[in-house]
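Asker: Okay, handing you the structure first.
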Amino acid sequence: LLQHHGGAQVDIYEKLPVPFGLVRFGVAPDHPEVKNVINAFTQTARSERCAYYGNVTVGRDVTVTELQQAYHAVVLSYGAEDNRVLGIPGENLSGVYSAREFVGWYNGLPENRDLKPDLSCETALILGHGNVALDIARILLSPLCLLRKTDITDGSLAALACSKVKRVWLVGRRGPLQVAFTIKELREMINLPGARPVLDPADFTGLENAVKDAPRPRKRLTELMIKTALEKPGEKMMEVQAAAPREWGLKFQRSPQEVLPTADGRRVRGVRMALTRLEVRAGDSAKAVPTGDVEELECGLVLSSIGYRSLPLDPAVPFDTQRGVIPNSSGRVEGVPGLYCSGWVKRGPTGVIITTMNDSFDTAQSVLEDLQVGVLDLSTSREGFGAVESILHSRGVRPVSFSDWEKIDAAEVARGKAAGKPREKIVDPQEMLRLIGH
């Protein structure tokens, strides 16, 4: 918007005192290169025509209707802050966590800072075959010397140092051809020092033919799994793998039926799985249908990584609870002129950073078109933050500016430097606010 419209003023509101959302709290700590996008965000935030207001919860501290009165256009891009539930007995037992809260815990998301996951078991079970599932498996099995150099939080590093987990199963309802992770993440997992992959050759036999006409990314991904499962490693590699103290594996065509409790009924001791077969549907999609057979997998830790879910923000905004998105067309919220949406709350929680970037460019295009054709009425001036500031003031809310964030950032980097890390994240919002004298 700033690039394509010389007169646009853009204000960004954020619930937390710190910016960058999933780039800060979702991207794995051992993937620092993915976080480089922060540099582009920072450049934008430092523009004269852009302002950042952190520590403001839209829907509570200021309503969407109040924002609409203060601005010509309002864009909602607050993502998916909840997780899909399994909906099976036992999922509330101690030792069962959602991937979202576990990732939030090791990445310093304030709301998950007190998670204290129990890592005293040897076997962990991750339900899901996406990149987040692989991230979690990698963090659970990574040598500490690798994690110590990242921005993983101090508390979670200490917990992982005492972890007894040495085996991680990643379980999915469908087959090898339907996994949702990407080749980069899989390769990283296969090459993880001190951990060996355990793939059942039976799952991969005869798959070469099935993928020969598949799109290139799917073909390469499947070929890497086939190679790992079926090829005998060289002697040197066999020695390395034999000496590996930890292991991980992929299990397919299993759908969780129940999380099984320990004798005292408090903790998880395993998961009962329904074995499934695949029914191929129109358009190449495959549905997992139970066969009637079941099996039990023993584990003391269950992480459910079956997807994220957006929540309604404000009664003034239409919301499709079925699909978990704001109904829209090219980012224009249905039936509410001047209101837009972007990202996961617009099209559902799928895709990587580049997907979301392209998606936001698409929404920005809609805003610019609406400006051109007069859907957005510029004849009345809008006060923008001026109007919102007095509302926030009356409600006792003090926003955090981008230069305030830069002070927090500097403090985190300084603390990290002392420990040989890129930064040591502050996980308590109150501490952040004290630091900037709020």
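Just so it is clear, glycine is given a Cβ too, placed from its N, Cα and C backbone atoms.
The FAD binding site annotation in TrEMBL covers GLU14, LEU22, VAL58, TRP344, GLY351, VAL352, ILE353. The NADP(+) binding site annotation in TrEMBL covers HIS129, GLY130, ASN131, VAL132, ARG173, ARG174, GLU185, GLY351.
Any idea what these are sitting next to in the structure?
Answerer: With a 10 A radius on its CB, LEU22 (FAD binding site) counts 17 other CB atoms from all the protein chains.
Summarising the environment of GLU185 (NADP(+) binding site), the number of other Cβ atoms within 10 Å of its Cβ, over all protein chains shown, is 20.
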Asker: Work out how many Å separate ARG174 (NADP(+) binding site) and GLY351 (FAD binding site) at their Cα atoms, rounded off.
Answerer: 19
Asker: Using only C-alpha positions, which one of GLU14, VAL58, ILE353 is spatially nearest ARG173 (NADP(+) binding site)? These are the binding-site residues in the record.
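Answerer: Nearest candidate: ILE353.
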Asker: What number of additional C-beta atoms lies within 10 angstroms of the C-beta atom of VAL132 (NADP(+) binding site)?
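Answerer: I count 23 other Cβ atoms within 10 Å of it.
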Asker: Quiz question: given the binding-site residues HIS129, ARG174, which has the greatest number of C-beta atoms lying within 10 angstroms of its own C-beta?
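Answerer: Per the Cβ count within 10 Å, the most buried is HIS129.
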